[in-house]
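To start, the structure under review is shown below, and the notes come after it.
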Amino acid sequence: MNLKQVAGEKAASYIKDGMIVGLGTGSTAYYFTKKIGELVKEGLKVKCIPTSKDTKKLAKEWNIPLTELAQVDHIDVTVDGADEVDPDFNLIKGGGGALLREKIIAYASKKLIIVVDKTKMVEILGKFPLPVEVTTFAWENTLSQIERLGCKATLRRSADQPFITDNDNYILDCQFDKIENPAELNSKLNQIPGVVENGLFIDMADLVVVGKDTTVEIVEK
Ligand SMILES: O=C[C@H](O)[C@H](O)[C@H](O)COP(=O)(O)O
């Protein structure tokens, strides 16, 4: 069984007529967006806001009605993936480089549902390198400042070129191994000039849908 698929599709059961819905990014959120496309075809009435150019493309292909954050005063539910989830529902996101738009949209959402397979559930965050979006200007200096917080940071590359985000920035992947205090690290990172946003999502997720071997587990705070 495809654990990402079962989790992504299950999350679609939280979406009702009239909702404004945030569409996450990545290989798990993909299945949620696809399911929404099927439900729209069957008559579901929603307006959606994608968290990346990739997701926007998919949503258009599947004829999902779209709107802009500027056109609405809130989002009812956003469904998105994660790279790691700890027992307090703190997250690492940004493995696909979409963390900035994802965080803006999560913050504007009344409810954030995270869809993952069971491998993403961890006791402590940090084994997955934390993605940090930085300006291209003086990125080497920003990297050094970030490393002072106790990690090894690497410029993300794609086909031998620096990876460019949807917002025309770079991503630094920061290996911390163990993040003992995610809230403190989140603040410290975002105080560094040149850091646009980081992939720690603190106290944002309300519910996690976990794809397990034969079942889907819904974990609530
Ligand atoms: O930037 C990408 C997003 O934060 C993804 O939601 C996250 O990396 C999880 O992706 P996937 O479901 O493909 O593992």
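Cβ atoms are placed via backbone N, Cα and C, with glycine included.
Listed in TrEMBL:
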type	residues	note
ACT_SITE	Glu102	active site, proton acceptor
BINDING	Thr25, Gly26, Ser27, Thr28, Asp80, Gly81, Ala82, Asp83, Lys93, Gly94, Gly95, Gly96, Lys120	substrate binding site
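Secondary structure at Ser27 (substrate binding site), as computed by DSSP, is coil. Annotated pair Lys120 (substrate binding site) and Glu102 (active site, proton acceptor), C-alpha to C-alpha distance, rounded: 18 Å. Other residues of the chain with a Cβ within 8 Å of the Cβ centroid of Thr25, Gly26, Ser27, Thr28, Asp80, Gly81, Ala82, Asp83, Lys93, Gly94, Gly95, Gly96, Lys120, the substrate site, are Gly24, Ala29, Ala98, Val116. The binding residues for substrate are recorded as Thr25, Gly26, Ser27, Thr28, Asp80, Gly81, Ala82, Asp83, Lys93, Gly94, Gly95, Gly96, Lys120; their greatest pairwise CA distance is 16 Å. In this structure, the C-alpha atom of Ala82 (substrate binding site) lies 10 angstrom from that of Glu102 (active site, proton acceptor). According to DSSP, Glu102 (active site, proton acceptor) sits within a helical segment.
Rounded to a whole number, the distance between the Cα atoms of the residue listed as 'active site, proton acceptor' and Gly95 (substrate binding site) is 12 Å.
With the fewest other Cβ atoms inside 10 Å of its Cβ, the least crowded of the binding-site residues Lys93, Lys120 in this structure is Lys120.
Each residue contributes its Cα atom, and for Lys93 (substrate binding site) and Glu102 (active site, proton acceptor) these two points are 9 Å apart.
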